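J.: Have a look at this one before I ask anything.
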Amino acid sequence: MFAVHLVAFYFTKLKEDQIKKVDRFLYHMRLSDETLVDIMARFQAEMEKGLGKDTNPTASVKMLPTFVRAIPDGSENGEFLSLDLGGSKFRVLKVQVSQEGQQNVQMESQFYPMPNEITRGNGTELFDYVADCLADFMKTKNLTHKKLPLGFTFSFPCRQNKLEEGVLLSWTKKFKARGVQDTDVVNRLATAMKKHKDLDVDILALVNDTVGTMMTCAYDDPNCEVGVIIGTGTNACYMEDMSNIDLVEGDEGRMCINTEWGAFGDDGALEDIRTEFDRELDLGSLNPGKQLFEKMISGLYMGELVRLILLKMAKVGLLFGGAKSSALHTKGKIETQHVAAMEMSKEGLANTREILVDLGLEPSESDCIAVQHVCTIVSFRSANLCAAALATILTRLRENKKLARLRTTVGMDGTLYKTHPQYPKRLHKVVRRLVPNCDVRFLLSESGSTKGAAMVTAVASRVQAQRKQIDKVLALFQLTREQLLGVRDKMRAELEYGLKKKTHSLATVKMLPTYVYGMPDGTEKGKFLALDLGGTNFRVLLVKIRRRSVRMYNKIFAIPLEIMQGTGEELFDHIVQCIADFLDYMGLKGAQLPLGFTFSFPCRQTCIDKGTLVGWTKGFKATDCEGEDVVDMLREAIKRRNEFDLDIVAIVNDTVGTMMTCGYEDPRCEIGLIAGTGSNVCYMEEMRNIELVDGDEGRMCVNTEWGGFGDNGCIDDIRTQYDKEVDEGSLNAGKQRYEKMTSGMYLGEIVRRILIDLTRQGLLFRGQISERLRTRGIFETKFLSQIESDRLALLQVRRILQQLGLDSTCEDSIVVKEVCGAVSRRAAQMCGAGMAAIVEKRREDQGLQHFKVTVGVDGTLYKLHPHFSRILQETVKELAPQCDVTFMLSEDGSGKGAALITAVAKRLQQPRKDI
């Protein structure tokens, strides 16, 4: 028993001694965590350099855009061919992707040899050989009668400008075919395939093997957004935000970047890490000074590194008693498969002895232990370096997504990773140690990168087909110049109908006289109350007017839905309650003040303090109001309360209030526009044109109520099925059709209807219509403004959609943003066409060649939407080129305008209370 313990002790001591000896000799190959963190920082800097337009030419890590913008979503379908060129064998594959209720992939493949005379010969011969193999495969599988899309996995660095193109930057591994560098390899393959008349193949995608690996794994796990190869060579790809890729135009979405990390260090960034053995190996390689990171990691070089170390250790007498065999002197005699065999847990030492004996050496027990440890240090360093670079990519993904913790999947492939017994667990352990805030799943690509090329092709086919369907829907909202001119001219005709006595009753644009005859002259003064009713909020203001200065105090009150859609008496009692609260709040209880009432609904007026409601809009439905004088209803509610008395001087529309507010600042202002919850315009019209009011002298403000434009069907040619659905689901079906295409209250609902349709077609949200998406009104217009903001990254768009209960992918977010853009752009253009009709009419009425005018504008859509105001202004400029139109934002809203109109009325003190 004692003897057994003695032998065990001796062996353990021997092992420890040998390990220490090797550790001392290979001290520089053992990398601490501190060193790995430093390497991460260097790799991050190189990635940034590669992504920058100005710095890319000198970057060693090329960060090549692949033009792969989407990963599989499970809806891919069809038959695809795939070629895989990049290793010692060449593979042709047929992939059948079908849904049938579940994801299903069937593959048939054939391997063909890649002789050295082909890989290092003439480029034309190389591609002819590939085309011959493809033709043979198609003939064998009876596919020559079919036209099939093809994905080409090409495992060498290429610069791409599109998915189906790739210019070879340089050969790597053992390839050296002449005349291929700086040429488009897809074009070279297509030319070679043309020599086979029976081949009808469409090359849809060129992908790197890492991209293929990522796509293969992403088909099984949608969280996969990184691909890593650790085999003959080494490389990684990952999904990068487009906003960070300077080399490609556009900021939307993500694109897969082929890092080509094998060249990391080619600029000297890793000189302090490289050892004498790395330098010796590099000098004896096919491409000295190139792919230095790869030469410290990949399977092509690992065995050779071990051989060089063993040779040196033998030379200095640390191994084999100083003996060296001719095999140990021979390049390539130790391969990576030998390293893997020597590091096996149980058979490792026996394998080591056998391999060393085959090399003509006579190893002792201690030699075998030492050699095994050399292999461990070399392969562990490889795993450490890979882990540092991968950890950098994972950190970048986490930071791009602005997450405290990232959950992601890395697709893995490569013979070294797959066949080395210790490599995967070492890599995983170090990665998790370097990025503790990332939960990483490592997924082995069972079918290799060739299936991935087919998946890229399948995704490209799907995206192409989906793009056509999406474009078809969006095209409905793209108005041509001719269509916009048509809207302008029809609006002009409707304006005329509304002004004329004979046609007024049939006109959709009501052109209501407001009895506002003039603008402030700056002499107005006093204290005035103003009410502003027109949306879900109601505002009460105290306005103090002094010579050329206005001070305002206001309070906002909510109008609950049950009040908006209850009885008229309840609505006006609620308004009076709000006035009472405000007077109390301002310490004016019992004060008798002149009041201006901004009432943003169509009213027929016979004088300035009388307004008969024509019809509710914007979601209001209070009963017993339509056809009634709303000023009388307000007076009666004040009487019912019996707490205070107010002198109601004027009732004005919000557009009139806006025009007056801006007119106080700019005498040229004679048009008011509201583009908010609702949409409307007023303007100063010549009295001679207003047939509903007696008198031809001077001008009067006309409230167009243009929201009703199109109620007679005159713009049905540009109304879409979605507009019709929104109209049918509204409180006032068949009414306010123009407003329903242009105002904030309805744009979100149009977007929601489009999203439902696209989802139904399987183009969004994985074809799943959530309960939330079925809910009317979830898509408020403020979300459109947020989603379309140029400053907002897609990640933030996704967050907005998630707040709405919509679980969207990056691709979904792009489509949602496009839909929002199409709907709001059309709204702005139609508003612009309507405005062009008004300014052109004013120009012609005054007989002017050139007309200069200011439009006072208010409304949340105009103020908050990032593009609405610009598009509206551009449209007016294009459709009314002889008019110089300035748009002035009404900072203080239409409430101030009501007070100004009241002030003007009091100043003039006309018994009729006309202005």
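Note: Cβ is positioned from N, Cα and C throughout, glycine not excepted.
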J.: Please identify which of Glu569, Glu570, Glu705, Glu771 is recorded by Swiss-Prot as part of the D-glucose 2 site containing Ser600, Phe601, Thr617, Lys618, Asn653, Asp654, Ser679, Asn680, Glu739.
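T.: Site partner of Ser600, Phe601, Thr617, Lys618, Asn653, Asp654, Ser679, Asn680, Glu739 for D-glucose 2, according to Swiss-Prot: Glu705.
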J.: If I go by Swiss-Prot, which of Ser155, Ser243, Ser325 binds D-glucose 1 at the same site as Thr172, Lys173, Asn208, Asp209, Asn235, Glu260, Gln291, Leu292, Phe293, Glu294?
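T.: So, going by the record in Swiss-Prot, that would be Ser155.
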J.: Using C-alpha positions only, work out which of the binding-site residues Gly534, Thr536, Ser600, Thr677 is nearest to Gly86 (D-glucose 6-phosphate 1 binding site).
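T.: Of all the candidates listed, Thr677 is nearest in space.
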J.: How big is the gap, in Å, between the Cα of Thr415 (D-glucose 6-phosphate 1 binding site) and that of Gly87 (ATP 1 binding site), rounded to a whole number?
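T.: Distance (Cα to Cα, whole Å): 11 Å.
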J.: So among Lys89, Asp209, Asp532, Thr536, all listed as binding-site residues, which is physically nearest to Asn653 (D-glucose 2 binding site)? Use the C-alpha atoms.
T.: Asp532
J.: Given the binding-site residues Arg30, Leu85, Lys89, Gly534, Gly859, which lie within 10 A of Asp209 (D-glucose 6-phosphate 1 binding site) by CA-CA distance?
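T.: Checking Cα-Cα distances against Asp209 (D-glucose 6-phosphate 1 binding site), the binding-site residues within 10 Å turn out to be Leu85.
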J.: As a test of reading the model: what is the averaged pLDDT for the region 'Hexokinase large subdomain 2' (653-892)?
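T.: 91, rounded to a whole number.
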J.: Relative to the mean position of the Cβ atoms of Ser600, Phe601, Thr617, Lys618, Asn653, Asp654, Ser679, Asn680, Glu705, Glu739, the recorded D-glucose 2 site, which additional same-chain residues have Cβ within 8 Å?
T.: Gly534, Pro602, Thr655, Ile674, Gly678, Gly707
J.: What's the most sparsely packed of the binding-site residues Asp209, Asp532, counting other C-beta atoms within 10 A?
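T.: Among the binding-site residues Asp209, Asp532, the lowest count of other Cβ atoms within 10 Å belongs to Asp532.
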J.: Would you identify the secondary structure of Asp532 (D-glucose 6-phosphate 2 binding site) according to DSSP, in three states?
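T.: The three-state answer is strand.
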J.: Over all pairs in Ser600, Phe601, Thr617, Lys618, Asn653, Asp654, Ser679, Asn680, Glu705, Glu739, the listed D-glucose 2 binding residues, work out the largest Cα-Cα distance in Å.
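T.: Farthest Cα pair among residues binding D-glucose 2: 16 Å.
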J.: Once the chains shown are all counted, how many other Cβ atoms turn up within 10 Å of the Cβ of Gly86 (D-glucose 6-phosphate 1 binding site)?
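T.: A 10 Å sphere around the Cβ of Gly86 (D-glucose 6-phosphate 1 binding site) contains 23 other Cβ atoms.
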J.: Just give the helix, strand and coil counts over the region 'Hexokinase small subdomain 2' (521-652), going by DSSP.
T.: 35 helix, 52 strand, 45 coil
